[in-house]
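Colleague: I'd like to ask you about the structure that follows.
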């Protein structure tokens with residue numbers, strides 16, 4: 001039978017009320033170890049933002065930028081503009097985009113752990129190349145290897161967390177990836193704060209220490225158990241049930257096991273998941289796979305995280321720019337804890353909408369202050385400087401409890417098993433594509449738009465907040481293998497999902513009568 005003919009999830013009826021189990025220490029440890037993969041992503045975001053403002057680094061690799069930085073008459077908004085400097089930052093994300101697509105078949109055929117291990121090894125190689133870099137080519141090669149590792153890690157880790165977590169706590173546990181990412185950013189900020197004083201080799205230490213989270217990711221991948229979903233999908237049903245019983249802390253896992261069996265039967269019948277995800281019945285999932293990561297980047301958060309020292313130096317914050325960057329990193333990490341504590345109580349929509357409103361407000365206020373008080377060869381007064389820092393911190397706080405973690409969580413939990421790996425690859429690829437675009441163009445946009453760059457991002461946040469309100473159903477408390485039923489009940493998406501999908505699923509099950517354990 002042709003792949004995809006059974007229906008979106010392969011699950012014929014809702015069994016969520018029969019799910020048993022509890023949060024076990026086994027799950028907590030496994031998720032915590034897996035989430036370390038996020039620290040790689042965060043560290044590489046955070047470390048590049050500080051290194052690109054270090055004089056020794058600029059002298060060694062971007063001397064033109066260093067000279068422009070020294071000229072007092074240069075426009076405050078344009079003094080750091082360089083396509084070469086942007087390429088250093090953005091090359092990692094372009095490599096990650098390609099790697100995430102390559103990771104999809106590996107994650108599906110060999111398991112989530114295999115991709116996590118591949119990602120860790122690649123990051124180790126990249127960190128080593130960066131530490132010993134003697135020319136721009138070697139430096140960019142290291143960044144590309146780091147990007148490959150991030151592509152593999154970001155593709156596999158969110159899937160791992162979503163499949164291991166019990167339904168009622170999936171949101172919070174999945175956000176451990178974002179928590180690890182933000183802690184990686186904060187750690188990088190603090191390391192940069194210290195290494196900027198170690199002239200002229202401090203930048204080497206900053207880049208080389210990326211090997212630490214890479215090593216943790218590699219060792220963690222080796223020690224982790226595979227998810228029951230992946231084991232069953234690859235035909236290891238007995239081992240899958242054994243792991244499921246262990247992570248749920250009970251032998252009574254029949255309902256969840258049957259859902260995974262149903263989903264895996266359909267998954268194995270589909271040979272080309274990237275082709276199947278384009279079918280009309282998967283349109284809601286495809287739209288979310290594209291829009292959620294795209295909107296996450298268009299909040300403007302990466303611009304602030306990448307170039308916080310550059311921004312603060314442009315605003316004449318002097319030698320305190322790395323300290324203020326560390327402050328934004330600390331706010332981002334702490335705000336993720338707010339999301340972990342509330343996402344499975346308040347739901348995804350409430351956090352996304354409230355965070356969007358707060359971010360819009362902060363962006364507009366910063367734009368007004370810079371437009372009125374900050375121009376070429378002008379310095380902000382101490383009072384307005386403090387106000388800008390406060391607004392940026394409130395913006396980061398809002399992102400940290402909303403689009404930061406949920407931009408990863410929502411896509412990772414909505415895909416049915418048969419397109420899950422492909423869907424997550426699309427999510428990661430879109431995220432890294434827009435990260436690349438913004439990283440490559442931000443300094444040019446800052447130079448061209450000046451304070452208007454904040455209004456540019458505020459406009460996008462307005463659009464994405466409306467999008468969530470209109471098109472995103474609430475996924476709180478819905479089992480991952482029964483997520484497809486949401487689209488049937490949504491006022492808009494039910495028009496696109498075939499009305500006879502349950503009949504198709506039932507027919508598919510009858511033609512493939514593999515009985516799960518009762």
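The backbone N, Cα and C atoms fix where each Cβ goes, glycine too.
Okay, so TrEMBL annotates it like this:
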TRANSMEM  23-43  transmembrane segment
DOMAIN    30-476  domain 'Major facilitator superfamily (MFS) profile'
TRANSMEM  80-102  transmembrane segment
TRANSMEM  114-134  transmembrane segment
TRANSMEM  140-161  transmembrane segment
TRANSMEM  173-191  transmembrane segment
TRANSMEM  203-224  transmembrane segment
TRANSMEM  286-310  transmembrane segment
TRANSMEM  322-343  transmembrane segment
TRANSMEM  350-372  transmembrane segment
TRANSMEM  384-404  transmembrane segment
TRANSMEM  425-445  transmembrane segment
TRANSMEM  451-472  transmembrane segment
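Provide an account of the burial state, proximal residues and distances for the features listed.
Modeller: For the transmembrane segment (23-43), the residues of the chain that approach it from at least six positions outside its boundaries are 116, 119-120, 123, 146, 149-150, 153-154, 156-157, 160-161, 164-166, 169, 173, 176-188, 209-210, 213-214, 216-217, 220-221, 223-225, 246-249, judged by C-beta separation under 8 angstroms.
Listed as Cβ neighbours of the transmembrane segment (114-134) (distance under 8 Å, sequence separation of 6 or more from its ends, same chain) are residues 34, 37, 40, 99, 103, 106-107, 141-153, 155-157, 160, 204-205, 207-211, 213-222, 224.
Taking Cβ pairs closer than 8 Å, the transmembrane segment (140-161) reaches residues 31, 34-35, 37-38, 40-41, 44, 87-88, 91-104, 106-107, 112-116, 118-131, 133, 173-174, 176-177, 207, 210, 214, 217, 224, 227, 408-409, 411-412, 420-421, 424-425, 428, 431-432 in its own chain, all 6 or more past its ends.
Among residues of the same chain six or more beyond the transmembrane segment (173-191), those with a C-beta under 8 A of the stretch's C-beta atoms are 27-28, 31-32, 34-47, 49-50, 157-158, 161-162, 164-165, 205-206, 209, 213, 305, 322, 325-326, 328-330, 332-333, 335-337, 339-340, 343, 400, 404-405, 408-409, 412-413.
Note on the transmembrane segment (350-372): residues 299-300, 315, 339, 342-343, 380, 384, 387-388, 391-392, 394-395, 397-399, 401-403, 406, 450-455, 457-458, 461-462, 464-465, 468-469, 472 of its chain, located 6 or more positions outside it, place their CB under 8 angstroms from a CB of the stretch.
Residues 178, 181-182, 295-296, 299, 301, 304, 315, 317, 324, 327-328, 331-336, 338-339, 342, 351-352, 354-356, 358-359, 362-363, 365-366, 369-370, 373-374, 464 of the same chain lie 6+ residues outside the transmembrane segment (384-404) yet bring a C-beta within less than 8 angstroms of a C-beta in it.
Residues of the same chain lying 6 or more positions beyond the ends of the transmembrane segment (425-445) and with a Cβ under 8 Å from any Cβ of it are 80-83, 85-87, 89-90, 93-94, 96-97, 100-101, 103-104, 107, 147, 150-151, 154-155, 274, 277, 286, 289-290, 292-294, 296-298, 300, 302-303, 306-307, 310, 407-408, 411-412, 453, 456.
Same-chain neighbours of the transmembrane segment (451-472): 287-288, 291, 295, 298-300, 303, 348-349, 352-353, 356-357, 359-360, 363-364, 366-367, 370-371, 374, 403, 410, 442, 445, 492-493, counting only residues six or more beyond its ends whose CB sits under 8 Å from a CB of the stretch.
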